[in-house]
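As recorded in TrEMBL:
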type	residues	note
TRANSMEM	33-54	transmembrane segment
TRANSMEM	66-86	transmembrane segment
TRANSMEM	91-110	transmembrane segment
TRANSMEM	116-136	transmembrane segment
TRANSMEM	163-181	transmembrane segment
TRANSMEM	208-232	transmembrane segment
TRANSMEM	253-273	transmembrane segment
TRANSMEM	279-299	transmembrane segment
Amino acid sequence: MLGDPLVRTGDLALLINGNDIPSLHFIVFEHRLPTAIVGVLAGISFGVSGAIFQTLLRNPLASPDIIGVSFGASAATVLAITLFAIQGITLFGISIVGAVCSAGLVLWISRGHGSRFILVGIGVAAALQATITFALSRTDVRLAQDALHWMIGSLSTSTWERAIILSCCLIVLFGTVALFASRLEILELGDDVATSLGVRSSRSRTTLILLAVAINAVSVAVTGPISFIAFLSGPIARIILRVAIDRHCSAGVFMYTSGAVGAFLVLFSDLVGQTLTPVAIPAGVITGLIGAPFLLVLLMKNTHLRNE
C-alpha cells in the first residue's frame with residue numbers, strides 16, 4: 001500500500017492472515033482504511049453534487065466550488081474556529097449549516113434563474129472569501145493555522161468515526177436523490193417539457209439543488225473543501241461516456257459516472273500528495289493544481305464557441 005510509511009505487500013498479507021503486528025495494524029486499519037473510505041465517499045458526493053448542478057443549470061461551470069457553497073461551509077467553520085475556538089465533531093454541523101445558508105442566499109437572490117444563479121453565486125463566494133480573510137487576519141496565530149489546515153482540504157484527519165457519520169448521511173441523501181432521479185432527467189429536457197409532463201419545474205429544481213448542496217456539505221464538513229472535484233468530475237464523465245457509448249446518456253448515468261470519477265480524483269490526488277514529495281501535500285492542493293488550468297481551458301473553449 002503506497003503512502004508514508006510504505007506498507008509492503010508481504011507484510012499486508014501477513015496481517016490479513018491473522019498475524020498480530022500492532023504497528024502495521026494501526027497503519028492499515030486505523031489510518032489507511034478509514035482514509036480510503038472517506039476519500040471514496042467524499043469523491044462520490046462531490047462528483048454527484050457537481051453533476052446535479054451542471055444538469056439542472058445546463059452549464060459546465062456550475063458546481064458547488066464555483067457558486068459559493070464550499071465557501072459558505074468554509075466561512076462558517078473559520079468563524080467557529082477563530083471566534084469561539086470550536087473543534088471536533090461540532091464543526092461538522094456548523095459547516096453544513098454554513099453551506100446550506102449560502103446556497104439559500106444564492107437561491108433567494110437569483111430566484112433559481114440559471115445564468116443569474118451562477119453570477120450571484122460567484123458574488124456571494126467573493127464576499128465569503130473576504131469574510132474568511134478578515135477573520136484569519138484578526139485571530140490568534142494558532143487558531144488561524146487550525147482554520148487554514150481545514151480550508152486546504154485533506155484526508156489526513158479521517159477516522160472511523162467520521163467515516164461512519166459520513167456514510168450514514170450519504171445513505172439517506174443518495175436514497176433521496178434516487179427518488180428524484182426521474183425528475184432530474186425530465187428537467188434536463190427543459191421546463192416546457194417538464195410542465196407538460198406534470199412536473200413542477202421550479203419546485204423540483206430547488207429541491208434537487210438543495211439536495212446537491214447537502215450532499216456536498218456533509219463531505220466538505222469531513223474533509224474540508226477539496227477544490228475542483230465537483231467541477232472536474234462532470235466534464236471528465238461526459239468525455240468517458242462519449243467515448244464509451246458514443247451517444248447521449250441519461251442524467252442518471254451521467255450522475256453516477258461523475259460520482260465514480262470524483263472518487264478516483266480524490267484518491268488519486270491524495271496518493272500523489274503522499275508520494276510526490278518527502279513532505280505530504282494535502283489533496284486539496286493537488287486538485288487545485290489540476291483544476292485551475294482545466295477551468296481556464298473550459299472558459300476559453302466556451303468563449304471560442306460563442307465567437308463562432
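Heads up, the Cβ atoms here are built off N, Cα and C, so glycines get one too.
Since the structure is predicted, the reported quantities are computational estimates derived from the model, not experimental observations.
Contact between the transmembrane segment (163-181) and the transmembrane segment (208-232) is supported: at least 3 Cβ pairs lie under 8 Å, counting only residues 6 or more apart in sequence. Scored on C-beta pairs under 8 angstroms, the neighbour of the transmembrane segment (116-136) with the top count among 33-54, 91-110, 253-273 is 91-110. Contact counts against the transmembrane segment (253-273), taken as Cβ pairs under 8 Å, peak for 33-54 among the stretches 33-54, 66-86, 91-110, 279-299. Distant neighbours of the transmembrane segment (66-86): 53, 94-103, 106, 117-118, 120-122, 124-125, 128-129, 131-132, 135-136, 138-140, 143-144, 146-147, 150-151, 213, 216-217, 220-221, 224-225, 227, 231; these residues of the same chain sit at least 6 beyond its ends, with a Cβ under 8 Å from one of its Cβ atoms.
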